[in-house]
Amino acid sequence: MSMPSLKKYAAALFAVFLMGQSVAAHAQLPDFTPLVEAASPAVVNISTRQKVPNAVASNGGLSVPDLEGLPPMFREFFERSIPQQPRAPGGGGRQREAQSLGSGFIISKDGYILTNNHVVADADEIIVRLSDRSELEAKLIGTDPRSDVALLKVEANDLPTVKLGNSDNLKVGEWVLAIGSPFGFDHSVTAGIVSAKGRSLPNESYVPFIQTDVAINPGNSGGPLFNLDGEVVGINSQIFTRSGGFMGLSFAIPMSVAMDVADQLKASGKVSRGWLGVVIQEVNKDLAESFGLEKPAGALVAQVLEDGPAAKGGLQVGDVILSLDGKPIIMSADLPHLVGALKPGTKANLEIVREGSRKTLKVAVGTMPADDGDEATNDAAPSAERSSNRLGVSVAELTDEQKKALDLRGGVVIREVQDGPAALIGLRPGDVITHLNNQAITSAKNFTEVAQSLPKNRSVSMRVLRQGRASFITFKLAE
């Protein structure tokens with residue numbers, strides 16, 4: 001056989017090999033057909049109506065509606081097509097109906113349905129459309145804004161239901177599938193994989209989200225996320241996007257969280273969560289060095305609320321929480337949802353680092369208050385006594401009134417910031433310094449003494465109160 005013939009023969013064999021690989025790879029892809037056929041009947045479309053003031057502005061004789069209440073796909077269309085004008089004053093006397101669209105799924109034959117809180121929030125009427133196109137009015141049993149879970153009930157019997165799975169067993173890289181009503185297109189199916197678990201999102205402290213690359217769009221909210229066994233492992237809730245559409249970052253509420261919330265809503269119409277009564281922050285590399293940790297990990301306690309569970313259990317400012325009941329705290333965001341999942345009254349074991357030493361505290365978890373916002377502010381005028389130091393700040397003693405308002409025994413208030421380390425780390429007049437280099441500050445004189453003894457070329461921590469919120473910051477003093 002000639003050389004050209006050998007080359008052609010080898011090329012043909014290689015092509016056959018590639019085709020075989022492609023066929024084998026295709027054969028390994030999951031077939032979602034049985035799953036979709038079995039699960040779809042239990043997935044529902046949810047539409048809501050809400051009466052809102054009708055604000056209408058004039059646009060050259062053309063009546064331009066207020067677009068805020070329209071479903072997202074219609075609102076985006078009109079925003080592109082009709083320029084919005086300022087609302088006409090006094091136009092709120094009349095009312096109109098605002099509508100929204102979402103998804104949900106049936107969890108019991110007698111009509112209990114799970115969806116997102118943001119799908120049904122403030123609705124005057126909730127309509128559930130089943131897979132056979134029949135519609136039922138739903139009653140809102142309860143909502144939980146902190147987890148974005150809502151429980152509905154329709155009056156019906158022998159409804160199709162989903163199979164509930166254990167989201168704790170979900171693995172990163174596992175195939176998952178969503179069924180919902182994106183932009184109102186009922187029972188649309190999309191698939192992808194689990195990208196990560198235990199994700200924390202801004203202002204969503206109590207849910208360890210499942211991150212996927214499943215295509216999720218407006219209208220998918222509240223719909224189920226299935227594993228390959230046809231079990232619901234999450235409720236599709238949010239996407240991260242810069243364009244308003246899907247960008248490969250979707251987030252679902254784990255069913256372990258959703259069902260705990262649903263059970264409480266069904267039993268009492270409200271949700272109780274565990275609460276420590278602390279303000280925490282992330283431990284970065286510099287803070288880890290400052291507090292003598294081997295690596296950045298845990299939740300740094302920046303503030304302990306007076307008479308709260310943590311205070312009663314002996315937790316102190318500057319403690320670093322490493323684990324709760326044996327579960328490691330890798331990032332500070334891990335702590336809130338672990339504590340929140342505990343029943344109030346539970347005695348939890350907290351492993352902490354305090355002044356370089358490890359110890360375990362037993363803390364009785366309290367009940368999260370309805371409003372866990374900031375408790376103290378600092379707006380009183382500082383006293384006239386001053387003390388300057390090598391950090392580039394002038395400080396003053398706190399008055400007794402300030403200490404009482406801020407629940408402090410010591411500390412100093414910044415009067416002036418000059419050029420130097422303080423300016424570089426963003427300190428401002430009015431900030432209150434309570435700790436420096438892991439030492440509590442008792443007076444302006446004490447602050448100056450501690451500042452003068454600070455080490456050079458090593459991370460140093462400082463605890464600062466600004467408008468009632470405490471945090472640790474770090475800096476280094478050069479030679």
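A Cβ is built for glycine as well, from the same backbone N, Cα and C atoms used for every other residue.
What Swiss-Prot says about this one:
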ACT_SITE  HIS118  active site, charge relay system
ACT_SITE  ASP148  active site, charge relay system
ACT_SITE  SER221  active site, charge relay system
DOMAIN    265-356  domain 'PDZ 1'
DOMAIN    362-468  domain 'PDZ 2'
REGION    368-390  region 'Disordered'
SIGNAL    1-27  signal peptide
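Sequence features, as recorded in Swiss-Prot, placed on the structure.
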{"residue": "HIS118", "record": "active site, charge relay system", "DSSP class": "helix"}
{"residue": "ASP148", "record": "active site, charge relay system", "DSSP class": "coil"}
{"residue": "SER221", "record": "active site, charge relay system", "DSSP class": "coil"}
Do me a favour and check the Cα-Cα span between HIS118 (active site, charge relay system) and SER221 (active site, charge relay system); whole Å is fine.
-> 8
Return the residues near ASP148 (active site, charge relay system), defined as same-chain residues 6+ apart in sequence whose C-beta is under 8 angstroms from its C-beta, sorted by sequence, else 'none'.
-> ASN116, ASN117, HIS118, GLU204, VAL207, SER237, GLN238, ILE253
In this predicted model, what is the average pLDDT of the domain 'PDZ 1' (265-356)?
-> 91
What are the helix, strand and coil residue counts for the domain 'PDZ 1' (265-356) according to DSSP?
-> 21 helix, 28 strand, 43 coil
Could you tell me which of these active-site residues, HIS118, SER221, has the greatest number of Cβ atoms within 10 Å of its own Cβ?
-> SER221
Going by DSSP, how much of the domain 'PDZ 2' (362-468) is helix, how much is strand and how much is coil, in residues?
-> 20 helix, 32 strand, 55 coil
